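First the structure, in the form of structure tokens, and then the observations on it.
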């Protein structure tokens, strides 16, 4: 069997024991509708020629029906031609395509990452299947093995997704709709034979008797293989191209994080050395009562600058000349990474036969086919296919965009209100009179603010994701790739705003529009938030460390624990209500493969996996100036992530229907956008948030040893403020005793803006040169593509037949 349909029914003797009369009638009515739909659907499948085999498991309160489906040869051939599945023409010599392996070979270094994986899938020249040219294809006499298991799954899913069970105008089409209406409880392809089990004996390995799933479990999902290459061809053969591309990209990205992590470590260690003999830090620490600073809020006390000695020193770890170099390095690293991924993507797409998938081979979505209002001739393939008018789609997309902009505006409004909430709570607590509250007012305010923020984001994202699903369906995208790209883009924008708002606020807005003593600016009656005494740069570094370390650890614990708990609960529900069968009844041995697969979790798609990695990519490029250790934490996380995800796919999830893809889809465009954003963000970070340029300016104009720098950055409180409070105090700004901006401020502003322009031009220009020098498609792949076209023409030439 290739596919399983599952549904549950309540036995006759139990259906009478209902709670109330009305409730019983309702349930009876819906059960009757479900029965009718199910019967119609299964009759249609039977008419289509699908072979069916039925099994039942009796429980205490319900009966679970398993229907095993398989397609005969004639059906497979008919649909293979319609789906344009690619089949082998001629075997190819194997070639490895790991860039690191070839580099190590040229340098003569032994490759510790290589591993011998048994049952390596063969490589073929392929072309789309045609039934009347059957004898030209390799292995066409072996009907059982000619189509791969993943191809048979695709064919069966296509049949299930397009079979009608009611009126097409009511969209009563396809197994997905029946699943959402609970007519069926599950529909999934079967995993290969035996599930995961403890390590296999060496003699079994030698015999090559491992099923594909066991090979993946041994050589990919195992923790002992953390330093080895992933067996991508095996992954592709078992799960299909879409999943294989995700793991190929994840592995490639993790490999590229290694140089970034090493350089980041060097920059951080440099910071430690610079910190110990930094003149301004020594001035701050030895100033004792020299600098009395103005209060940071209405009810806050005056404070001595020497109190923040340790914070100021820590700030130097992250804020020095090395960070400029590292920002430029990471911006160019990101450009190079994407250029080389393009090449890897092209060679994998060719190697896996999907380099023309989106343009030529991809079929319209079954859900689109069922409800499209008209038919039209496809200009590329010349075949007639369902069509939705372009103008109507554009109108729908524009309407959807308005809804999304409103939702994002709501998020921004809420984030502003959280900032106000923090300020108000801090004021209330510090004026409450309780010592404990007064002492930790700002800490309590920020912690409760974060909790409120988190709860709100969770609620909003649930609403937003269901809205995005609805809008994307309504927009009527023709192919699955376009549909997923549209959905991904919508949800990513929302997640981007929620995840990055806090670091963006700290980096670019906090403490920038404060005013000065005696003339503080306020927003909605609340005084604008100032940076903590050590400055905003150190706050940003703390925020990033929390995200890169705390959040990633929590995510990984969740990724291990949640699937295990869900699996356990699912199994518990199914097995606890098992009923010992009487003789003569069809009772299954509990361990039948379809029963075991039914206990696993539903595969939800790759969106969350990509999202986590792409947000991480954003943190290590957009804010890298503030935390040179970010790439190191990302690298450590990803080493764990690859094996965690592998284990989930092999052991915790039902087998997904293999989907084809040409690459990582719209995620690549999102990564490119993040790379451009990172250059601009780092330029502004260094110019406006970091102390780098004021130090350079002071060293050049006043004292190259930076003696007296601290005094230079502090202004005196204006006369009227001093008269009110009878105390002279200092604050960080370039202003005179009347509160007016000094000439130094304007000179520094000019230097800052000049730096931004120079930095961006240098980085963008170098990035462009790199992109121009590195061809998108490797030469060897271009040759292979031409060779394959030639062979396909030969094989399918009419005169041969």
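Heads up, the Cβ atoms here are built off N, Cα and C, so glycines get one too.
Any TrEMBL annotation is an automated prediction that lacks curation.
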Per TrEMBL, the range holding transmembrane segment, considering 444-465, 510-531, 532-553, 554-575: 444-465
TrEMBL annotation (transmembrane segment) - matching range among 322-341, 342-361, 362-381: 322-341
Annotated transmembrane segment segment (source TrEMBL; candidates 639-663, 664-688, 689-713): 664-688
Criterion met for the transmembrane segment (745-765) and the transmembrane segment (322-341) (at least three Cβ pairs under 8 Å): yes
